[in-house]
Amino acid sequence: MAQPAVDDPHGLQDKAVVETVDNDIAPEKEWGAITQGAKEATDLEHSQGILEAVRLQWKGVAWASFFSLSIAMYGYDNALINNFYGYPAFQKAYGVPVSKGYQIPAKWQTGLSQASIVGIILGASFNGFFSSRFGYKRVMLVGLVLMAGFVAIPFSAHNLQTLLVGEIFCGMVWGTFASIGPAYSSECLPISLRGFLTSGVNIMQIIGQLIAIGVLDGLVNLDSQWSYRIPFAIQWIWPVPLFVGCLFAPESPWYLVRKGRLQEAEHSIRRLSSKNDTKVKEHLAMIIHTVNYEEEIQTGSSYLACFRGSNLRRTEICCLSFAGQVFNGIFMMNPGTYFWEQAGLSANNSYKVSVAATAIGLLATFIGSVLIAHLGRRNLYLWGMVFMTVVNILIGILATIHGNEGTKWGQVALTILWVFCYDISVGPAAYATSSEVSAVSLRVQSVALAKVAHQLFDIIGAVLEPYMINPTAWGWAGKTAYFWGGTSLLVTVWAFFRYPETFKRSYEELDILFEKRIPAREFRKYNVDAYDVDDQPVQERVDN
């Protein structure tokens, strides 16, 4: 393996870490010290249990959770818009008269749902450039300032056109937040906590949804414009405390190493660790070793590099893992207020059921985040997709034989079961895998591309769902579940062949597995030693 350029102005060599400052070749003994320190840090992370990792890295857990709080804003607004379609005061203000009150036309349901998606695509795309150049912290601070201004547009909107513009601008900031949260978490935590906190992004999204549903349920009987303007105004609560906290947040040490700012990276690692963590310099050595390996195999650091060599496969997994979050029927199921109204429930009952379903989803997400730290990503994702495929088909069957109170509530029960399954499996697993599977040097770009892909899938769902379920369009109602059952099956087949297990793998180990083109189904069969001096880092396990 090639050796990086080194200098030792800060006395780091005695603890196995050296500075890279120019293009000269490091003496072999110094690179050997880096390798030894990196191996010690990797072995420690592999041996750590969750409780031990939390004890040593509780500050990192706190900061990763703090950055992910911004995603609750996205979950909040997403729940607002999707539930406003069945909201009496909102329907009356922005809808058109129909035989039973007012309805938001299907084309505007599609347009409003797409507006924030378009904004998120733009925001995530820009973030891939800005965060890699300026760091996560600076971009987050700017985003929070912009968010405080953009919320005024939907709050003051008097027509659907203005509301649409507001959703686009707010969506640009949410796209940035949705990309920063999982990327920052994945770079600030050890192996045993990585899945728990990156999948915790889904927890924050559910928390935002739960707050939104609770607010809407409390205001659903208020017959004035404040019934829907107050929920928009509540979004002004988020930016100020997040901005103040972000001022004191440490930057990602991986970002700082990629920029050659190793002294700052060491300081960042210390801020993310407790005083009991004595392996700070070894941890820095591991980051240096991984970044150097990716430079050696010419991973690159641009969007174009995401589609070259083994990176193409990794980008595919990053992006298509989110297909399961859309083509499993989420636009019909979560939150299902409008779907339940079409199934026959009153608006009041629909919102109460929606609150219960969202609360169950939050509980399931906590359970899923724990399971993912013990069982891995692939099994949760695969079995979750299988189960949701079956539930979709069962809902379609009940909708086909509708006509009594039992089938109506049967669809509601299955929908809640679907929400529980989603939030315990595909919801957290997709976020964890998309944050881990890319090369470190392409982390920001890959997470951004994954979010863009997610939103493109959302556009498809947002276009189709209103037409399939709306009585003024195709009017399929519960039979829409047949369609989503078919698309769920397709994603399940893809995942079986292409979705790898990243559980208990360091980033350099994943680099090696992808570089050696190990099939996704066989990732668990191989032992990987990134520091093998005989250049045979991948060996099949004897017990397999």
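Placed from the backbone N, Cα and C atoms, the Cβ positions cover glycine too.
Note that TrEMBL annotation is computational and uncurated.
Keep in mind the model is a prediction, meaning the values are calculated, not measured.
The feature domain 'Major facilitator superfamily (MFS) profile' is assigned by TrEMBL to 63-503.
The annotation transmembrane segment is assigned in TrEMBL to 111-130 (among others).
The transmembrane segment annotation in TrEMBL covers 139-157 (among others). Sequence-distant contacts of the transmembrane segment (139-157) (same chain, six or more residues past either end, CB-CB distance under 8 Å): 67, 70, 73, 127, 130-131, 163, 165-167, 169-170, 172-173, 176-177, 180, 229, 232-233, 235-236, 238-240, 242-243, 246-247, 249.
The feature transmembrane segment is assigned by TrEMBL to 163-184 (among others).
Marked as transmembrane segment by TrEMBL: 196-216 (among others).
Summarising the annotation, TrEMBL assigns transmembrane segment to 236-257 (among others).
TrEMBL lists 317-333 (among others) with the feature transmembrane segment.
Within the chain carrying the transmembrane segment (353-373), a Cβ under 8 angstroms from the stretch's Cβ atoms is held by residues 50, 79, 83, 192-193, 195-196, 199-200, 202-203, 206-207, 209-210, 213-214, 217, 334-337, 340, 345, 380, 412, 415-416, 419-425, 427-429, 432, all 6 or more beyond its ends. Annotated transmembrane segment per TrEMBL: 353-373 (among others), in sequence order.
If you look up TrEMBL, you'll see 380-403 (among others) marked as transmembrane segment.
As annotated by TrEMBL, transmembrane segment applies to 481-497 (among others).
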Check: Going along the chain, which residues at least six beyond the ends of the transmembrane segment (317-333) come within the CB cut-off of under 8 Å?
Finding: 82, 113, 339, 381, 384-385, 388-389, 392, 415, 418-419, 422, 426-427, 429-430, 433-434, 437-438, 446-447, 449-454, 457-458, 460-462, 464-465, 468-469, 480-481, 484-485, 487-488, 490-491, 494-495, 498-500, 520
